[in-house]
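For reference, Swiss-Prot has these:
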| type | residues | note |
| --- | --- | --- |
| TOPO_DOM | 1-14 | topological domain 'Cytoplasmic' |
| TOPO_DOM | 60-76 | topological domain 'Cytoplasmic' |
| TOPO_DOM | 98-104 | topological domain 'Extracellular' |
| TOPO_DOM | 126-139 | topological domain 'Cytoplasmic' |
| TOPO_DOM | 185-241 | topological domain 'Cytoplasmic' |
| TOPO_DOM | 263-280 | topological domain 'Extracellular' |
| TOPO_DOM | 302-308 | topological domain 'Cytoplasmic' |
| TOPO_DOM | 330-341 | topological domain 'Extracellular' |
| TOPO_DOM | 363-378 | topological domain 'Cytoplasmic' |
| TOPO_DOM | 424-461 | topological domain 'Cytoplasmic' |
| TRANSMEM | 15-35 | transmembrane segment |
| TRANSMEM | 39-59 | transmembrane segment |
| TRANSMEM | 77-97 | transmembrane segment |
| TRANSMEM | 105-125 | transmembrane segment |
| TRANSMEM | 140-160 | transmembrane segment |
| TRANSMEM | 164-184 | transmembrane segment |
| TRANSMEM | 242-262 | transmembrane segment |
| TRANSMEM | 281-301 | transmembrane segment |
| TRANSMEM | 309-329 | transmembrane segment |
| TRANSMEM | 342-362 | transmembrane segment |
| TRANSMEM | 379-399 | transmembrane segment |
| TRANSMEM | 403-423 | transmembrane segment |
Amino acid sequence: MKKDTRKYMIYFFGALGGLLYGYDTGVISGALLFINNDIPLTTLTEGLVVSMLLLGAIFGSALSGTCSDRWGRRKVVFVLSIIFIIGALACAFSQTIGMLIASRVILGLAVGGSTALVPVYLSEMAPTKIRGTLGTMNNLMIVTGILLAYIVNYLFTPFEAWRWMVGLAAVPAVLLLIGIAFMPESPRWLVKRGSEEEARRIMNITHDPKDIEMELAEMKQGEAEKKETTLGVLKAKWIRPMLLIGVGLAIFQQAVGINTVIYYAPTIFTKAGLGTSASALGTMGIGILNVIMCITAMILIDRVGRKKLLIWGSVGITLSLAALSGVLLTLGLSASTAWMTVVFLGVYIVFYQATWGPVVWVLMPELFPSKARGAATGFTTLVLSAANLIVSLVFPLMLSAMGIAWVFMVFSVICLLSFFFAFYMVPETKGKSLEEIEASLKKRFKKKKSTQNQVLNERTL
């Protein structure tokens, strides 16, 4: 097999877990329309069917990070692919609401695990020059999975075949299981375990030959300086600001409302006045736009930088949601405002998927030292899943109590807050190796802590 072919297969299969996450997230919006035909649903149980995936994801995120730091990225991907298959088939063959909810929890374990692990694996496999571009592949796979789910829902809706909708998630899961044969272990994890020659062999596939020895030297130097355990690193005071930034990124990525659009797009369009068929087309349009803008982000992220994209993204999503809310508040619901809803949500998707959607997945693993990258990324992904769960549970209640216009106004205020967070808190990591980022952040936050201590000592004297 040619070197370039092997390299692209590594990247493709490394990111495939993102497609499964996207599919399992998006498919439930169509399946919910017909589950009630076989399994009676109440308002409560319908909410549980959606949200239990996210509950499972919280635990999956926490477990996969620590496990991948201990046993390696590749072995954990193998386990996750099996859980994906079991969860998808269990959902398809569920006969009671209890079985369906339990199956969604199992599926959520794999969803959360892949959400935490895929960005780490891609960031550690990528050469510095294209790490941002490659890191956005995770989000590209997520939105591609969502689009596939929308298409499958559309195709199977005439047959009311919800079991096929959810069960087809097993197909890419089997593909991931096969693809593990092409996925080597992360070179950084191997260096951490003392397997330098194996790391060099893998980097010969993925890296420019002239950069290999320099990057290996950086990895070895970084590991030589790390005598602490994973838990010890996470407890270190200098890493707390990094964790807070990671947690902030995770919360804002979800709190600006993206998954309410993914989960409830048909409901939003129907509330805004569109018919069933038009709502389905509008939803599919959002799925296509997701993919297009994520590809745009892949082109921009290593040229423009992470921080600038987040800042401009916050401006765009704030204005689009505020404008949408203003139109609905002043003009009410009509045929014209229904299509304006589609347009403004489209603008929102353009800005979100070119910025906050993919950039957060790239930044989270970049922020943390290699000794604790899996565990720290797992923790921030846990927070992301929890924020996703809270927003998805609260959205229907807000929609019922406030109306769609005021709901979008609330999200626009949160988007405005994300601007200040990105501007003042988020560091730029473009063009730096993971070891350079770690050294820079450690110096920045240790220096800040040292300055604070000096001021306190002077005041005491």
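Using N, Cα and C of the backbone, Cβ positions are placed for all residues, glycine too.
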Contact between the transmembrane segment (281-301) and the transmembrane segment (403-423) (3 or more Cβ pairs under 8 Å, separation 6+): no
Interface-richest range of 15-35, 39-59, 242-262, 342-362 toward the transmembrane segment (164-184), CB pairs under 8 Å: 15-35
Dominant neighbour of the transmembrane segment (15-35) in 77-97, 140-160, 242-262, 342-362, 403-423, by Cβ pairs under 8 Å: 140-160
Surrounding residues of the topological domain 'Extracellular' (98-104) on its own chain - C-beta under 8 Å, 6+ positions past either end: 35, 39, 45, 48-49, 52-53, 56, 87, 90-91
Cβ-based contact of the transmembrane segment (242-262) with the transmembrane segment (39-59), 3 or more pairs under 8 Å: no
Same-chain residues near the transmembrane segment (77-97), Cβ under 8 Å, at least 6 residues beyond its ends: 17, 20, 24, 39-41, 45, 49, 60, 64, 103-104, 106-110, 113-114, 117, 121, 163-164, 166-170, 173-174, 176-177, 180, 183
Chain residues in Cβ proximity to the topological domain 'Cytoplasmic' (302-308) (below 8 Å; excluding those fewer than six residues from its ends, i.e. six or more beyond): 129-133, 359, 362-363, 422, 426-431
Intrachain residues whose Cβ lies under 8 Å of the topological domain 'Cytoplasmic' (126-139), provided they are six or more past its termini: 11, 14-15, 18, 118-119, 206-208, 211, 215, 294, 297-299, 301-302, 306, 353, 357-359, 361-362, 365-366, 430-434
Cβ contacts under 8 Å made by the topological domain 'Cytoplasmic' (363-378) with residues that lie 6+ beyond its boundaries: 61-69, 73, 116-117, 119-120, 123-124, 131, 135, 188, 192, 219, 222-223, 226, 228-230, 233-234, 239, 242-243, 245-246, 249-250, 306, 426-427, 429, 434-435, 437-438, 441-442
